[in-house]
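Taking it in order: structure first as structure tokens, then the write-up.
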């Protein structure tokens, strides 16, 4: 990766004044004469353009939450709602708040019927109104003012509101006695740290944690929160430095330039784009999660690093959405994920909801098709090789040899995941170019070297997972031993 990064850095430095770069490569560090890659609007919005506004809103939330937790901890979820409602009102206007409330009331009314399919159909139909005309334009007129963040906050707030309302409606259907109060839905939806940008926390978890009167912290919990905050700050600085030396987001958009760069630069760009997107998700959700942990919540964990992924079943960049889809669609329809037909139906429905969430377009449809195929192909392959005579062959092998053979297949799977997701993050042209360079033009030298390095990476990941499993089993055995020993002492005393 260091070798590939050197190629990317050289291309960035030699083409900093290129005409096609003018719109996204802006002046950066003046004293060092470096320009900066500003192609990612979302990152620039969070940590450059509007960081003061975001920091001010989150700091106010933390301050009011702390005062409330000291004075009236039993009403803290109500204070979160009031502060969030006022913040949304201030930033987007009362008509936007009215629009959000209308969607909440609609889905709350449907949830009282306690029919899962009706809640789902209504929720998805409501979500679709933000993806197609003329409904989008009509609802967008509810936002007052004309500022740069208007569209981002509009789509973010509305989209996450619908997903949270669906979660509330489905959890209300599962409740055997009575119904949740509409106030609980408003507390859940207007929690400011999650309102505009997520992550999504399913209602059942939020309800239990936000209404927990016990606010005692675990040992070293504040220390861990502080460390996580410092790690996020360090990651922001590293990305800022990276953008001044490697224009990893701008270069892939210039197909003419890509035709003249080396295979290593192209492959390195593909990998670093995915790593950057993971870092962005981890940092942005991490900042919000740090605030929510100060509120005594346990938010969704950061996504799994792209470097650690070699199976489609674990591929995601937003663990909140992933948990939501698994709980209400994928696991609900797929059961234990052993049946081929049930798995096919579950994946088709899951990616159908994902397409609606992201917005139907050519790139999203192609991305969803390939990822859906990859997820099902893994199950088909596992089923096929579990049959005879393959099962007997593997039983006769040593554990190390079995892992080596699996790692060979996982190596190709790793780059398939990379190519499929580049499609969504960059463009179809860039994904096709990477595939040609890696498999055709770069064959055999580039292909063999990249695949061999990836194979070694897969082995390292598998060894790490094996040691983690061993540690879990050891801890479980120690816990059992302690329980048995206590039981022995108690019975001896009796």
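Using the three backbone atoms N, Cα and C, a Cβ is placed for every residue, glycine included.
Transmembrane segment is the annotation TrEMBL gives to one range among 35-53, 54-72, 111-129, and that range is 54-72.
Which of 133-151, 171-189, 190-208 counts as transmembrane segment depends on TrEMBL, and there it is 190-208. Checking TrEMBL for transmembrane segment across the ranges 78-108, 264-294 points to 78-108. Of the candidate ranges 152-170, 190-208, 364-386, 407-426, 438-458, 152-170 has the most C-beta pairs within less than 8 angstroms of the transmembrane segment (78-108).
Just going by CB pairs under 8 A, the stretch in 152-170, 229-249, 364-386 that sits most against the transmembrane segment (407-426) is 364-386.
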